[in-house]
Amino acid sequence: MNGGTETLLRLVPMGLCVSALVIMLKNSQSSDYGSISYSDLGAFRYLVHANGICAGYSLLSAIIIAMPRPSTMSRAWTFFFLDQVLTYVILAAGAVSAEVLFLAYKGDAAITWSEACGSFGGFCRKATASVAITLAAVAFYAVLSLISSYKLFSRFDTPVPIPPPSCTGKGIEAPNNF
């Protein structure tokens, strides 16, 4: 894969994360039953923070990929590790926010938690849009994780195992299979 394609694949989730972040940041509503804002729910605060972190990482990694440099093992491992971590960070944010939205739409009769989207429909629609955009970003991060793992494991040999020390007790030596 050439640098231009990967750079673009890293910039798209940045745009998605910024969009999801802005929609959620501006998400608040007042009604006869009170008012609600994204900051009232921990899952949505996490979604905003995760989207901000992932947008920053996407920009930084796109800049680094765009610079022509030879691929080194440490660079490949760094991208592999960070792509994996941020994929799971944004996936967790999307999943926990989707669960909160599910409860807001459906409620939970077992614990007498009524649905809230009947009273705060605009808030729920914006939150749904933000979560959907976040999940689209998750798909891009999953593709980036696959690309970085392919680049790492196809270009570099596996580490050479260190042979075990030979046993010296009782005249028995371990076979050297390496």
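Placed from the backbone N, Cα and C atoms, the Cβ positions cover glycine too.
Automatic prediction, not curation, is the source of TrEMBL annotations.
Residues annotated as domain 'Casparian strip membrane protein' in TrEMBL: 5-140.
Summarising the annotation, TrEMBL assigns transmembrane segment to 7-26 (among others). Tertiary proximity for the transmembrane segment (7-26) is limited to same-chain residues at least six positions away from its ends with a CB under 8 Å from its CB atoms, namely 38, 44, 47-48, 51-52, 54-55, 58-59, 61-62, 65-66, 90, 126-127, 129-131, 133-134, 136-137, 140-141, 143-144, 147.
Annotated transmembrane segment per TrEMBL: 46-67 (among others), in sequence order. Panel annotation: around the transmembrane segment (46-67), residues 3-4, 6-7, 10-11, 13-14, 17-18, 20-21, 24-25, 38, 79, 82-83, 86, 89-90, 92-94, 96-97, 130-131, 134, 137, 141 of the same chain, lying at least six beyond its termini, place a Cβ under 8 Å from a Cβ of the stretch.
For 79-105 (among others), the entry in TrEMBL reads transmembrane segment. Long-range contacts of the transmembrane segment (79-105) within its own chain (CB-CB distance under 8 A, at least 6 residues past either end) are made by residues 17, 41, 43-44, 46-47, 49-51, 53-54, 57, 61, 113, 115-117, 120, 124, 127-128, 130-131, 134-135, 137-138, 141-142, 144-145, 147-149, 151-152.
The transmembrane segment annotation in TrEMBL covers 129-147 (among others). Outside the transmembrane segment (129-147), and at least 6 residues removed from its termini, the chain residues within Cβ reach (under 8 Å) are 1, 6, 9-10, 12-13, 16-17, 19-21, 23-24, 27, 47, 50-51, 54, 80, 83-84, 86-87, 90-91, 93-94, 97-98, 101.
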- Note on the structure: Its residues classified by DSSP, the domain 'Casparian strip membrane protein' (5-140) shows 106 helix, 10 strand, 20 coil
